[in-house]
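Per TrEMBL, the features are:
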type     : residues : note
TRANSMEM : 63-85    : transmembrane segment
TRANSMEM : 106-124  : transmembrane segment
TRANSMEM : 150-179  : transmembrane segment
TRANSMEM : 200-222  : transmembrane segment
TRANSMEM : 242-264  : transmembrane segment
TRANSMEM : 276-299  : transmembrane segment
TRANSMEM : 315-336  : transmembrane segment
TRANSMEM : 348-368  : transmembrane segment
TRANSMEM : 374-395  : transmembrane segment
Amino acid sequence: GSAELAAVGVSVSVFNLVSKLFNVPLLNVTTSFVAEEQAIAAKDDSDSIETSKKVLPSVSTSLVLAAGVGIAEAIALSLGSDFLMDVMAIPFDSPMRIPAEQFLRLRAYGAPPIVVALAAQGAFRGFKDTTTPLYAVVAGNVLNAILDPILIFVLGFGISGAAAATVISEYLIAFILLWKLNENVVLLSPQIKVGRANQYLKSGGLLIGRTVALLVPFTLATSLAAQNGPTQMAGHQIVLEVWLAVSLLTDALAIAAQSLLATTFSQGEYKQAREVIFGVLQVGLATGTGLAAVLFITFEPFSSLFTTDSEVLKIALSGTLFVAGSQPVNALAFVLDGLYYGVSDFGFAAYSMVILGLISSLFMLVAAPTFGLAGIWTGLFLFMALRLVAGAWRLGTRTGPWKMLWSAPEKPE
């Protein structure tokens with residue numbers, strides 16, 4: 001039913017917001033720390049034959065923190081479902097209210113496996129293994145697709161069945177990842193160090209702040225677009241969803257950049273690290289340019305998949321230049337994010353995002369009343385362009401951890 005579908009949409013938005021704030025920072029920090037630790041361990045053991053599983057304190061620390069964060073999220077989402085619906089402005093007499101709370105309370109049980117699975121994915125990324133997480137996620141989604149019709153319709157659980165199917169699939173994903181990780185690494189190492197945990201918390205805290213600053217311009221853009229009425233809001237939503245989805249394709253380059261740079265940097269292979277930087281920037285520019293060309297050609301037929309309303313499509317197509325033309329800038333900005341994380345430059349990544357988010361938000365507040373959606377889209381483009389400029393400046397001035405990359409002598413063979 002429409003009320004149930006809308007209720008799921010609201011609940012998933014709340015759940016994803018919490019996940020983005022707390023889980024993604026843990027994923028990125030884990031990737032960098034594990035890549036560094038693995039590289040150092042591999043360098044030390046290069047002349048020896050491995051006969052047992054690796055002991056990497058970063059993996060154990062990440063998994064323990066993930067379990068704690070996941071349990072805390074589950075409790076907060078379950079007990080706070082009523083409050084969160086109030087925050088989302090869903091009134092008590094709305095047909096969405098009860099199913100939304102019901103779905104969120106059941107969905108909360110999936111928080112622990114999600115966070116643990118993300119920590120495990122970070123470890124695999126640190127090993128430069130992106131195949132195992134892919135197989136695990138595919139297996140979980142296949143199970144979810146099978147369970148959904150059975151639990152929702154055959155057994156008649158409705159919206160509760162949808163939540164249960166998702167939670168079960170999330171536990172399967174976590175189980176597969178931990179099972180495969182346990183083949184190579186001691187999951188609960190006796191060498192868990194308080195200092196390393198503090199590094200996780202400090203770096204994770206910086207990235208949580210960065211995520212909040214990142215969400216502000218996009219939330220503001222949606223709010224300003226909604227004030228122009230449902231037709232313009234619908235057109236804006238098509239533009240924004242396509243823009244974000246295509247832009248995030250280049251996030252794979254950021255993951256590769258982070259893992260490769262963290263490995264070479266921690267081993268003192270600075271020449272190779274510089275080659276990684278220049279290589280991923282070139283690939284990012286080429287990828288962004290290619291995406292721009294494809295979107296210029298295909299955005300109109302692609303937009304028609306979302307709606308048949310001619311007025312909404314007209315508004316969406318007016319954003320073609322924004323969607324396509326910004327792709328090279330977006331690609332380079334995402335790659336630079338991966339490079340920040342690769343040398344653990346979390347402080348600059350966080351503080352610069354706060355400043356850039358504030359500047360672009362102020363621009364939209366001024367431009368939107370006069371120029372409408374064009375002012376909003378220009379503000380979002382400005383946000384991405386400033387991220388690119390800040391990253392280029394950081395690399396160009398060679399400050400912070402980048403100073404060592406260009407000035408320190410190569411590690412002897």
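Positions of Cβ are set from backbone N, Cα and C atoms, glycine also.
Since the structure is predicted, the reported quantities are computational estimates derived from the model, not experimental observations.
Counting Cβ pairs under 8 Å to the transmembrane segment (276-299), the top-ranked stretch among 150-179, 200-222, 315-336 is 315-336.
Relative to the transmembrane segment (315-336), the listed stretch 242-264 leads the set 106-124, 200-222, 242-264 in CB pairs under 8 A. Beyond the transmembrane segment (348-368), the same-chain residues lying 6 or more positions past its ends with a Cβ under 8 Å from any Cβ of the stretch are 206-207, 209-210, 213-214, 216-217, 220-221, 224, 337, 340-341, 374-376, 378-380, 382-383, 386-387, 390, 394, 400. Listed by sequence, the residues of this chain that lie at least six past the ends of the transmembrane segment (242-264) yet keep a Cβ under 8 A from its Cβ atoms are 28, 31-32, 35-36, 38-39, 125-126, 128, 130, 270, 272-273, 276-277, 280, 283-284, 287-288, 291, 295, 299, 302-303, 319, 322-323, 326-327, 330-331, 334-335, 337-339, 341-344, 380. Residues 17, 20-22, 24-26, 28-30, 33, 61-62, 65, 233, 236-237, 240, 344, 346-347, 349-350, 353-354, 356-358, 360-361, 364-365, 376, 379-380, 383 of the same chain, all 6+ positions outside the transmembrane segment (200-222), place their C-beta atoms under 8 angstroms from a C-beta of that stretch.
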